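Chemist: Mind having a look at this structure? Questions to follow.
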Amino acid sequence: MRASDQGDPAEVLTQPASPSEQWIFAPISVIIQQMSMKKTVLNLKDKTETNTAFFIETLVPFLFAGLGLIFAGLLLEDAETWTFFTELPDAVTLVPTLVGLKGNLEMTLAARLSTLANLGFMETNKQRWQVASSNMALIQTQAIVISSIAVIPAVLLGEKPFAVCDFFCVLLSAVATASFASLLLGLLMIGVVIMARKFKVNPDNITTPVAASLGDVSTLFILLGLGSVLLRIREQYCWVLVLALLCFYVLAGFAAVVASEDQFTVEVLKHGWWAVLAAMSITTLSGFVLKSSMHKFPPIAAFQPLINGKSVFYLYSKG
């Protein structure tokens, strides 16, 4: 449908979405469609972005994104010799899933924050706090739940059976990595969006490459570092791992309650799981492919984050 056939933007945004559309559009878009936003629509009409401005604003972040992905690849190649992967080789299958959470959660978080900022929902400190707290709670819930589910295929389909303490070690490593990475990147995304609005720069052009540049490196570093530490204490202090897992699951429940109190994040909390679970299934399969490839062609590990990250960033930039 051409833009001229869609009618006035104010009418488009205020028309309620049909049930079928709610499975097509992002949940945040459905909520915005159902709200009266005449003031926001006027602001949207007044703002245009040229190709030159887009190129200038995205050039430096895109270069940093490429460097970040290269460093992530070098770190992954070196990770083959780390104790965590040598003693628990099936944990390698978790790498694409946990790194993929950056694209599934942090990049979608960046898109939500940029949309809300451009629509005027982050103008006051109260609005910023509400948006930040609800979205941080949302990604914490999703990160903890998805990372827990991602461990199941690695345990069931792994080459060697997992001991009980090894299972809790891998599970806690995955959950803690996803939680800490989402926390750090989420706070960074919020800060980037606020600063972009302050300097009158479109946050859509900055947040996605920033997430791409730091997401893979930080996730891999946390997984390797935390996994190596937990590996040393798993035998004598297995109960500590179980207690820590219970704390994370309590945190996920509390975060879900916080996210459900916001009109934007509650829709993602209700309808956003199927897409994330589908993406997790695909990245889990790629994890087994990566493990097999690393045995046959060890240098390929250095290229995995770069190939995967560039394609994801390209798709998000087009969106």
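In case you wondered, yes, glycine gets a Cβ from its N, Cα and C as well.
Pasting the relevant annotations from TrEMBL:
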type     : residues : note
DOMAIN   : 95-226   : domain 'SLC41A/MgtE integral membrane'
TRANSMEM : 54-76    : transmembrane segment
TRANSMEM : 137-157  : transmembrane segment
TRANSMEM : 169-194  : transmembrane segment
TRANSMEM : 206-231  : transmembrane segment
TRANSMEM : 238-259  : transmembrane segment
TRANSMEM : 271-290  : transmembrane segment
Chemist: Short question: which residues 6 or more past the ends of the transmembrane segment (206-231) have a Cβ under 8 Å from it?
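Modeler: The answer is 57-58, 61-62, 64-69, 71-72, 75-76, 79, 82-85, 87-88, 91, 94-95, 98-99, 101-103, 106-107, 109-111, 113-114, 169-170, 172-174, 176-178, 180-181, 184-185, 188-189, 192-193, 196, 241, 305, 309, 312-313, 316-317.
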Chemist: Any residues 6+ beyond the ends of the transmembrane segment (238-259) with a Cβ under 8 Å from its own?
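Modeler: Sequence-distant neighbours of the transmembrane segment (238-259): 133-138, 140-141, 144-145, 164-165, 168-169, 171-172, 175-176, 179, 230, 265-266, 268-269.
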Chemist: With DSSP, how much of the domain 'SLC41A/MgtE integral membrane' (95-226) is helix, how much strand and how much coil, in residues?
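Modeler: Secondary-structure composition of the domain 'SLC41A/MgtE integral membrane' (95-226): 114 helix, 0 strand, 18 coil.
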